[in-house]
């Protein structure tokens with residue numbers, strides 16, 4: 001097995017340097033970040049292509065680069081069904097949520113909750129977002145650093161601090177434009193890293209036909225499983241239905257993604273950015289699946305995990321890279337750079353979004369005398385502050401150990417109730433603040449219950465369906481092999497008497513349904529409570545709802561960009577601006593929020 005060389009460190013350092021330079025460039029271009037609108041929203045002048053690539057990059061954390069191929073290796077290519085899910089997610093986000101957010105000219109998605117319901121629900125949404133994003137971002141920085149350190153010897157804390165500092169540096173200096181354009185560069189690095197592994201694996205295995213053949217006979221080409229049982233971890237239905245809810249909570253209403261496309265200069269560009277991003281998602285998924293199949297083809301007779309060559313599945317990709325690319329100086333460094341590019345893009349999105357929600361939701365409403373210049377400086381200060389918080393959270397994540405996956409699952413569980421809350425506001429004209437709040441609390445409690453229960457009582461192997469891994473071709477002693485296999489056997493034969501009835505019926509629900517459950521409970525309870533508390537008597541402004549005109553305007557983009565004016569709200573002291581312009585209540589300072597993407601649901605990570 002090879003090890004890291006000087007050239008590998010040079011390639012990695014070059015990736016960090018270019019990212020930092022982009023931040024410096026946008027800090028001074030056009031006179032710098034004069035207002036918070038410039039800093040957080042890129043002046044609302046972004047075009048579709050860079051925003052699309054940025055959406056793709058922030059969706060891909062290092063967990064995707066390292067975790068998805070390992071997922072394919074262990075459970076097979078049914079993960080490909082996510083290609084259908086991504087299409088449905090983009091369709092829902094572009095046609096349901098985007099039109100409403102864009103025409104209101106808002107900066108923080110949680111601003112919508114105050115316009116539609118009240119300021120307390122806005123505060124609930126903001127606080128939930130800040131907690132989940134800071135927790136998740138620390139994990140996104142630490143987890144891949146640990147995996148790469150244990151396999152390659154790449155310095156753990158040197159990488160954590162370097163990526164955290166560089167990320168904070170260009171976020172603080174360059175604002176949203178720097179975040180978007182570094183994402184464009186980083187998505188190129190990610191594709192290059194994946195491609196180098198795929199090309200070399202095809203050469204090593206003497207053709208892609210051999211990889212496909214090995215995968216077929218090893219049971220990895222298990223594309224279709226129509227079992228309707230919601231307890232099965234991955235089936236066609238859990239991935240399409242559960243995955244759609246899970247990822248719509250990220251693409252449709254999560255600040256980190258929404259902030260990008262509402263920063264576009266027109267609604268047409270905003271929608272195009274989502275649809276172009278779909279092509280990027282498919283390309284990344286295809287690369288990850290091919291890497292996973294190549295992993296299986298190369299190690300089909302000697303699984304490094306069972307043979308104790310690696311201690312966790314997410315170390316398989318770095319192990320493969322050092323195994324097949326050690327004769328090519330700098331190429332292993334390119335793969336590590338691609339993994340960290342995923343980290344940088346996710347973390348920068350999060351920092352920018354956290355700064356945006358903090359300034360927009362927690363500072364601006366209560367300090368109305370602040371000038372634009374001061375708000376711009378406060379926005380930069382918040383970016384610096386949250387960058388430090390994210391590095392500190394990485395240190396906390398290093399102490400959590402087995403709680404890492406629990407934290408990631410909780411991140412996914414919060415998204416479902418929030419998606420239900422926004423769906424109530426946009427799709428149900430009779431939903432009121434009481435119904436929305438009771439629905440949110442109900443959905444949150446139920447999804448936390450099942451999610452935390454699933455961490456305490458993990459689903460049995462018959463629910464997760466791990467595929468067979470062989471060690472027949474390994475040069476390891478019988479004692480080592482036995483000690484490795486026995487724990488798996490013990491898990492399989494765990495006496496059911498030690499597990500409560502809920503464990504195998506309720507807590508074994510597929511992790512993809514956590515978000516679905518939270519959304520549906522929130523909507524159902526919200527509708528019932530609203531009807532019982534006089535929701536039908538209220539008069540809701542149509543501008544806060546999805547209307548027929550929002551859909552029909554898709555076909556008239558070649559004319560002027562929907563010049564229709566928003567009517568004055570009876571209960572708000574300001575006039576809403578024409579679609580695509582700033583909300584006069586908050587301009588000229590606009591802020592931007594970035595998230596995860598991760599994303600994440602369960603492990604997205």
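Cβ from N, Cα, C; glycine included.
The feature transmembrane segment is assigned by TrEMBL to 6-28 (among others).
Positions annotated as transmembrane segment by TrEMBL: 72-102 (among others).
As annotated by TrEMBL, transmembrane segment applies to 123-144 (among others).
Per TrEMBL, transmembrane segment is recorded for 156-176 (among others).
According to TrEMBL, the transmembrane segment annotation covers 183-203 (among others).
What TrEMBL records for 234-253 (among others) is transmembrane segment. Counting only same-chain residues 6+ beyond the ends of the transmembrane segment (234-253), those with a CB under 8 A from a CB of the stretch are 55, 59, 75, 78-79, 81-82, 84-86, 88-90, 92-93, 96-97, 109, 224-228, 274, 412, 415-416, 418-419, 422, 465, 510, 512-516, 519, 595-601.
Under the heading transmembrane segment, TrEMBL lists 274-299 (among others).
Taking Cβ pairs closer than 8 Å, the transmembrane segment (339-363) reaches residues 12, 15-16, 19, 36, 40, 54, 57-58, 60-66, 107-108, 110-111, 122-123, 126, 129-130, 133-134, 136-137, 140-141, 144-145, 148, 159, 163-164, 166-168, 170-171, 175-176, 179, 182-183, 185-187, 189-190, 193, 255-257, 259-260, 317-318, 370, 375, 378-379, 382-383, 386-387, 390, 586, 589, 591-599 in its own chain, all 6 or more past its ends. Residues or ranges marked as transmembrane segment by TrEMBL: 339-363 (among others).
Positions annotated as transmembrane segment by TrEMBL: 384-404 (among others).
The transmembrane segment feature in TrEMBL is assigned to 410-430 (among others).
Residues or ranges marked as transmembrane segment in TrEMBL: 437-457 (among others). Long-range neighbours of the transmembrane segment (437-457) within the same chain, counting only residues 6 or more positions beyond its ends whose Cβ lies under 8 Å from a Cβ of the stretch, are 117, 120-121, 124, 405-406, 409-410, 412-414, 416-418, 420-421, 424, 499-500, 502-503, 506-509, 511, 514-515, 517-527, 529.
Residues or ranges marked as transmembrane segment in TrEMBL: 511-533 (among others). Sequence-distant contacts of the transmembrane segment (511-533), counting only residues of its own chain at least 6 positions beyond either end whose CB sits under 8 Å from a CB of the stretch, comprise 230, 233-234, 238-239, 241-243, 245-246, 249, 409, 412-413, 415-417, 419-421, 423-424, 428, 430-432, 434-436, 438-440, 442-444, 446-447, 450-451, 454, 601-602.
Of the ranges 123-144, 183-203, 274-299, the one with the most Cβ pairs under 8 Å to the transmembrane segment (156-176) is 123-144. Within the same chain, residues 162-163, 166-167, 169-175, 177-178, 181-182, 185-186, 189, 329-330, 332-334, 336-337, 340-341, 344 sit at least 6 positions outside the transmembrane segment (6-28) and bring their C-beta atoms closer than 8 Å to a C-beta of that stretch. With a cut-off of 8 Å between Cβ atoms, the residues of this chain six or more beyond the transmembrane segment (183-203) that come close are 15, 18-19, 22, 50, 53-54, 56-58, 60, 65, 211, 280, 283-284, 287-288, 290-291, 294, 297-298, 317, 320-321, 324-325, 328, 331, 334-339, 341-342, 344-345, 348-349.
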